[in-house]
Amino acid sequence: MSVQSTYGVRRKLSVMLALLVSASFSIAHAQQTPEEALDELEIAVPETESRVERRIEAERATAENPYVITPHRPNYVLPAKYTTRSNAQAFDSIPDSDDIDKLELKLQFSFKYPLSTELFGSRHSLWVAYTQQSFWQAYNSDASRPFRETNYEPEVFVTFDVADASLFGIDPKLINLSLNHQSNGRSEPTSRSWNRVTAEFVFEHDNLAFSIRPWWRIPESSDEDDNPSIRRYLGYGDLQFVYSWDHFSVDVMLRNNLRTSDNKGALQVGFTFPLWNRFRGYVQYFNGYGESLVDYNHHTQSLGVGIILTNWL
């Protein structure tokens with residue numbers, strides 16, 4: 001697939017997403033004037049020791065504000081990300097291309113939008129979300145600085161607020177049930193995609209928040225399956241840990257296929273630290289399979305440095 005074709009796919013997806021978000025905002029806020037929206041900027045979030053509950057309350061307080069985009073997963077830019085073993089297959093479809101640079105730029109933006117904040121007449125809620133992660137060969141001038149890989153991940157999910165429960169000193173906070181699609185928008189032979197049903201269970205104890213997220217891949221016919229062996233490398237779920245103190249935090253993601261033979265998995269560790277105002281520095285280390293979809297069956301090890309705009313907590 002040519003660079004122009006790949007760009008065309010990304011552009012079409014971006015336009016479709018923009019139209020979807022615009023339509024959602026128009027429908028949800030058709031009865032709200034700008035003056036009413038400005039009045040809502042005075043947001044009072046109840047004081048609580050729980051960082052997870054503070055985020056939940058802040059999201060609920062801004063859910064109807066048309067000037068607020070609610071973050072979903074972390075939003076960050078890593079201008080310098082060095083990979084020890086690059087996947088050359090991602091460039092095979094580009095004629096006369098040089099080798100992939102080991103130094104590239106990685107960025108992720110992720111947001112969500114509430115469809116209902118009082119689902120079933122309670123504090124449960126319904127959301128749509130979109131996450132995009134890109135790997136940009138920004139310093140590869142010989143190949144005209146292409147995007148090596150971009151992953152598009154829309155999803156719709158229901159959040160059940162279970163913050164009033166307690167289990168052996170560990171506090172359950174949320175249960176998220178999601179229908180998730182992830183793809184890289186490419187054609188064969190580097191096309192990658194899968195659809196999943198996920199169930200995420202979020203807990204908290206003091207400064208530590210963690211989640212258990214098993215998933216089930218929705219089956220596809222063999223002639224439409226771009227990556228039939230993806231579960232062998234990405235497994236059947238992941239674990240996420242976030243430890244926060246003062247203005248610092250450490251986040252850890254663990255994934256494993258749980259096979260005694262041919263065991264494969266991934267580890268990602270991030271460290272967030274204050275810089276100035278709302279800007280925070282971010283260092284991210286990855287080791288394993290599936291940092292991106294095109295690399296799902298390719299072992300990589302990388303270290304990136306940059307800034308993070310919004311984090312888990």
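Note that Cβ sites are derived from N, Cα and C of the backbone, with glycine treated the same way.
Annotation comment: TrEMBL describes 1-30 as signal peptide. Taken from TrEMBL, the feature Ca(2+) binding site applies to Ser144, Arg186, Ser191, Asp226. The annotation active site, proton acceptor is assigned in TrEMBL to His181. According to TrEMBL, the active site, nucleophile annotation covers Ser183.
Sequence features, as recorded in TrEMBL, placed on the structure.
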residue : record                       : DSSP (3 states)
Ser144  : Ca(2+) binding site          : coil
His181  : active site, proton acceptor : strand
Arg186  : Ca(2+) binding site          : coil
Ser191  : Ca(2+) binding site          : coil
Asp226  : Ca(2+) binding site          : coil
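In sequence order, Glu153, Pro154, Glu155, Ser193, Trp194, Asn195, Arg196 constitute the residues six or more apart from His181 (active site, proton acceptor) in its chain with CB-CB distances below 8 Å.
Counting only the Cα atoms, the space from Asp226 (Ca(2+) binding site) to Ser183 (active site, nucleophile) is about 10 angstrom. Ranking the recorded positions Ser144, Ser183, Ser191 by the number of CB atoms within 10 A of their own CB puts Ser183 at the top. All chains included, 19 other C-beta atoms sit within 10 angstroms of the C-beta of Asp226 (Ca(2+) binding site). In this structure, the C-alpha atom of Ser144 (Ca(2+) binding site) lies 24 angstrom from that of Ser183 (active site, nucleophile). Rounded to the nearest whole angstrom, the C-alpha distance between Ser183 (active site, nucleophile) and Ser191 (Ca(2+) binding site) is 8.
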